[in-house]
Each structure stands twice: as C-alpha cells, then as structure tokens.
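Novice: One structure, pasted below without further comment.
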C-alpha cells in the first residue's frame, strides 16, 4: 500500500500542476476497479439522515443571525435601552464576538472529542444562551446570553462542513454540502417569520429565544445516534470502529474500498497533533492561504452588510421592512436550492466564478441606481433589483462553496484546525464590514462604496480562476494525495 502511495506521488510530480487531481485519477483508475470502485456508487440514502441532523447546526446558525432583526425594538423597550443605539449594536455584535471565539477553538474541540461531541458542544451553549436571553431582566443578561449563543454559532459551521464532507459519498458531497446553506436560509427565514408578532405582542421576543432551544436539544440528542466520522476514527488508530461507521454510511459492499482509500493518504503522521505553526508555514500553508483568502473575499464583497442593512435600503424607497426581509429570504433560498442542484454537475469552481461575476454585475446595477442620472422608479428598480440579484448570485456559489471546498482540499491531519483559522478570518472581516458599512455609506456615498464591493467581487473571480481546483466527484483521499506534496 505504501509503495503504491509513493507511486501516486511520482505520477503527481510528472504531470502539469494545473490539473493534478484529474491526472492522479487517470493513474488510479485501474486500481479503483480492482478494489471495488467499479461496483457502483453507494446509496446516498444511508448518509442522508446523518447529514440532516448535522444541518440542524446550520439552521440554528441562521436562526440566531436573524432572531434580533424583528425583535430588537421590543427587546430594547422591555430591557430599558430603547434610546441607546450603542446598546442595540452590542446585542448584535456580542454574538459575532462569541462566534469568533467559538470558531477559533472549534478545530481543537473537533480533533479532541470528535464530530458527534463537537456538535453537542455547539448545541449546549446555544441552549444556555437562548435560555438566558429569554429570561433576562437586564441588558447585561441579554449580552451574556448572546455571547453563549455566539460561541455555539462559531463552533457549528466548521464542524458541519467537515462532518458532511467526511460522511458523504463523493458523488453527492456537493449536494449534501449545499444543504447546510439551505438550512441556514431556512433558519434565517424562520426567525424572521416567528419574530413578526413581536411588535404587537408584549414579551413575544422571549418566545422567539425559547423556540430556538428545541432544535438545539434535538441536535444534541440525535447526535447520540449518528455516525462518527470514519476519518476521525482512523486518525485515532481506531480502524475497526471506522469500518463499522463506513458500513453504516455506505453499506457493507463499499467498506473495503473506503478503508483502502483512507490507507492511501496515511503518511505515518496521522496520530501526531497538528501544530499551529504548521498552518502558517511549510507544505500546508498554501491551502490555508487559499481558504482564508476565499473567506475574506466572500465578506469583502459586502454580502453581510446587505443582509444586515437591506431593510434600511428598502425603507428609503418606501418598501416595508417585513416585505424586504421576505424578498431577501426568497432570493437567498432560491439561489441556495439552485446551488444544491448544480454543485455536483457543474462543480465548485464554475459556481464560484459565476457567483462572484454575477455579484459584480449586481453591484454595478446598484451603483447605477445610486447615481444622479437615475431617479424615481428607475432608481428603485436598479437598487432593489440589484440587491436581490446580489443575494441570489451569492447563494448560488460564494455562500455554500467556500466551506465545502475547504473541507475537501484541506488535508485530514490539519483539516479541523485549518478550518478554524479560515473561519476566524471570516468572522473578523464580517465584524469590520458590519461595523464600517453605515459610516462609510455616509462619508463616501453609495456609489463609491458599492464600486469598492464590486471590485472585490472581480478580485475574487481572478483569485478563484488562478488558485482553485475542481474537486467534484473525487474522494477526499484522492484530493489530498494529488494536492499535498510529500515531505
């Protein structure tokens, strides 16, 4: 096995670097037939329930992002800070701060206790934080609850992305990975829908927080019955347990080949703990750099500024905030469903290129709508239409692809910690874009600001074109062997 593994590397060295995965795949095709790859794809129905349970963490992520959108005014009145914009901002931003902390530690949690326990450690602070927020009588109680919730939000996305990629058959990994984005959309829309009565019913905002404890509890309980990641078990030297989980996820006929695939990527260092310094230098640095840059560019396009402040833009044209939220939610959900359908057909790179290009065009429409040459219905159509198109195009690629792609291209030994670093970059950029959006909008105006966002969209297109490889249909082990050079 080890000799064949070295032969694969020799083959990798002989091919052009632009398409290492397909070159390696050609080298391995005959071997795959011998080991069982030729018996057909495993049933996706076996891994589907496990993926759906994991997607609850993404639903909770979306729910808590939007839960204060419709309820913030009611919360501020009940807790006595209605005339304090700083306090309102803290209710939102403390959650982001907690998410940053959670994302930083997610890799070490995942490597230490495994995926199932990591999901439960994601659900627990969400239950505690939501309960604190629902019962608090003061601003400080609300902020503490939001920090707890944010910590769970930070742990959830990287754990979900890695877990889904490791339990999914290669031919549906993109589809399953996209479903986490759909779950986020459903959570966001659910929080907005449940929050609608908050302006009319006193104390309804407390119900909104209590509701979120139900899916969190379901996640924690159901994870007891879900499969552990075979890759994580294999890294821990628990091969027999890994075989049992593969049988649960893929079926008995595919266990032998799946274990052989894991053995191919075993370089003798799997049991060693990945050090933080390895992520910033050496042979793994390029993958971490690509992941961090994609997440940074994703946020620098201004997507979360659009999500946070879309109601303000709609209100300036006389459109009610409730209608605005519904329109943005539908655009986001529609794009996410389209991404799920196309992910394993067109591939990750094509969707990223199309998504960022479409976002640049959408920002161009908003720049035109904000110019002095358009007014009245023309400005309304360009600004609102451009915003909805921007959200739709984001959801078709720039939203779901980065997390999935990173969980695929990062080597198994550093996957959890490297994903944690990349997600931490995401949260930092997210925080500063949200913090600076309104001040910049007032100081430099929408035309220049939207032009800056469009420029970042185009930079993202160039970066993806030059640095991202296609991974659809390949096993995680094939991708790792092809991309990571030997020591």
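Note: Cβ is positioned from N, Cα and C throughout, glycine not excepted.
Automatic, uncurated: that is what TrEMBL annotation is.
Per TrEMBL, the features are:
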type	residues	note
TRANSMEM	47-66	transmembrane segment
DOMAIN	50-472	domain 'Major facilitator superfamily (MFS) profile'
TRANSMEM	86-110	transmembrane segment
TRANSMEM	146-164	transmembrane segment
TRANSMEM	176-198	transmembrane segment
TRANSMEM	287-310	transmembrane segment
TRANSMEM	322-343	transmembrane segment
TRANSMEM	350-367	transmembrane segment
TRANSMEM	387-406	transmembrane segment
TRANSMEM	418-441	transmembrane segment
TRANSMEM	447-464	transmembrane segment
Novice: Is it true that the transmembrane segment (322-343) and the transmembrane segment (447-464) have 3 or more Cβ pairs under 8 Å, skipping pairs fewer than 6 apart in sequence?
Specialist: no
Novice: Excluding the flanking five residues on each side, which residues at least 6 beyond the ends of the transmembrane segment (176-198) place their CB within less than 8 Å of a CB in that stretch?
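Specialist: Hits for the transmembrane segment (176-198): 44, 47-48, 51-52, 54-56, 58-67, 69-71, 73-74, 157, 160-161, 164-165, 168, 204-205, 207-208, 211-212, 322, 325-326, 329, 332-333, 336-337, 339-340, 343, 395, 399-400, 403-404, 407.
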Novice: Can you tell me which parts of the same chain pack against the transmembrane segment (86-110), counting only residues 6+ beyond its ends and a CB-CB cutoff under 8 A?
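Specialist: The answer is 64, 68, 72, 75-76, 117-118, 121-122, 125, 139, 142-143, 146-159, 162, 232, 308, 416-421, 423-424, 426-428, 430-431, 434-435.
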Novice: Mind checking which residues of the chain, 6+ beyond the ends of the transmembrane segment (418-441), have their Cβ under 8 Å from one of its Cβ atoms?
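Specialist: Cβ under 8 Å, 6 or more out: 92-93, 96-97, 99-100, 103-108, 110, 154, 157-158, 161-162, 279, 284, 287-288, 291-292, 294-296, 298-300, 302, 304-305, 308-309, 406-407, 410, 449.
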